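> Below you'll find the structure I mean.
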């Protein structure tokens, strides 16, 4: 899609996360620590799953994709945010703003659908174990992966198309530390009521429905596990509990941001900060810390490299 704005605004001024220099320094250090420690951990997860022949089950295939999506997602907002902390004037061009918004919803939408796919995988594995190898074969896994990437693209392109139709003639001060739909829409020089409704439907309603569907599916799975007497009960319970934690981290802030009319609240920036910067880096790590097979494989890889 051609990014072209027929109005006077060619750039937006980002007001940032906070005006306090002390808080900015604290956040700068916090993000830097997360990048130096947790981001390499995400890439180690991907390397471990790709290199260990024992981690070929669909569960690990999707976990590797979750780590990739979250690592990619963390590059959309955080690097520019770090640079802006060191700049007096925080400016982003119109084209860069639209590009950032596109990838934010492209990868975010894809990750939401990936969590749905992971829930489906756990449902088949626990509730229909005899059909698992047939249903979740490699071809089906790659097909599901393609669907979630296409779903994220369609979701994002709708957001971008609606934004591109809006005229922007001033003001251009964006009350956030990155470009997102709620703040950008408010700067349009026209009535945005209909566009806001479409945005809430495309982002908020779909997010809420996915969240409720995921909770319902895991409730069924957990009930099935609790009534089982198999020796793999504790492992299945740990896996599903971890999935629920990741779902809460992923969908909780998104529901807060996108399922209500686009009115500014004092908590918006803090919620957005955790949603776009902190949680994406933590999700795969949280999962891995509760998965014994992946942890054991990672220890073997690290010991092998340290030895050599």
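Here the Cβ of each residue, glycine as well, is placed from N, Cα and C on the backbone.
The following feature annotations were taken from TrEMBL:
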DOMAIN    41-287  domain 'G-protein coupled receptors family 1 profile'
TRANSMEM  23-47  transmembrane segment
TRANSMEM  59-78  transmembrane segment
TRANSMEM  98-120  transmembrane segment
TRANSMEM  141-164  transmembrane segment
TRANSMEM  205-225  transmembrane segment
TRANSMEM  237-258  transmembrane segment
TRANSMEM  270-289  transmembrane segment
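Describe the structural context of each listed feature in the structure shown, including burial, neighbouring residues and relevant distances.
Remote same-chain residues near the transmembrane segment (23-47) are listed as 16-17, 63-64, 67-68, 70-71, 74, 78, 81-82, 85, 273, 277-278, 281-282, 284-285, 288, 294, 298, 301-302 (criterion: CB distance under 8 Å, separation of at least six residues from the stretch ends).
Residues 59, 66, 108, 111-112, 115, 118-119, 122, 126, 180-182, 199-200, 203-204, 207-208, 210-211, 214-215, 218, 221-222, 225, 267-268, 271-272, 274-275, 279, 282-283, 286-287, 290-291 of the same chain, all 6+ positions outside the transmembrane segment (237-258), place their C-beta atoms under 8 angstroms from a C-beta of that stretch.
Panel annotation: around the transmembrane segment (270-289), residues 17, 27, 31, 34-35, 38-39, 41-42, 45, 63, 66-67, 70-71, 73-74, 76-78, 81, 104, 176-178, 180, 242-243, 245-246, 249-250, 253-254, 256-257, 295, 298 of the same chain, lying at least six beyond its termini, place a Cβ under 8 Å from a Cβ of the stretch.
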> So if I exclude everything within five residues of the ends of the transmembrane segment (98-120), which remaining residues of that chain have a CB under 8 angstroms from its CBs? That is, six or more out.
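Distal contacts: 3, 59, 62-63, 65-66, 69-70, 72-73, 76-77, 80, 92, 144-145, 147-149, 151-153, 155-157, 159-160, 163-164, 178-181, 184, 203, 207, 210, 213-214, 217-218, 221, 243, 246-247, 250-251, 254, 276.
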> So what's near the transmembrane segment (205-225) in sequence-distant terms, Cβ-Cβ under 8 Å and 6+ beyond its ends?
112-113, 115-116, 119-120, 122-123, 126-127, 155, 233, 236-237, 240, 243-244, 247, 251, 254-255, 258-259
